[in-house]
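Listed features, source TrEMBL:
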ACT_SITE  His116  active site, pros-phosphohistidine intermediate
BINDING   Lys10, Phe58, Arg86, Thr92, Arg103, Asn113  ATP binding site
DOMAIN    2-125  domain 'Nucleoside diphosphate kinase-like'
Amino acid sequence: MKNRTLAIIKPDGVRDQVVGAIIDKIQKNGFHILAMKLSKLTKESAGEFYAVHKGRPFYDELVTFMSSGACVPIVLEKENAVAEFRNLIGATDPAEAAENTIRKLFAKSKGENVIHGSDSDEMQK
């Protein structure tokens, strides 16, 4: 069964001009783009989006980073979309990410790791 997942190319990906390369990799891996737009999160909206991490040591830095520049939210569809996309993006820390994953190819650090991928089927709702 096809399902949906949310990806967000983070501000570092936009700043480093790798949006096109990331989208190309996503499509070459069989994902269909249902919606996409260039956006800018406010600190408030970034805080709400990442509320699940509130209270964790990295929360404030994450919210500040995600509201620091433009980002590209993308709704993707594919069979087993959530798990497939999590595999495609790789580990949060690019040093630990598998070869040929988005984070291994484009991310610079654990904090600036170019892409968010939902870890649940929240987009099916």
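Using N, Cα and C of the backbone, Cβ positions are placed for all residues, glycine too.
If you average pLDDT over the domain 'Nucleoside diphosphate kinase-like' (2-125) in this model, you get 95. According to its DSSP assignment, Asn113 (ATP binding site) is coil.
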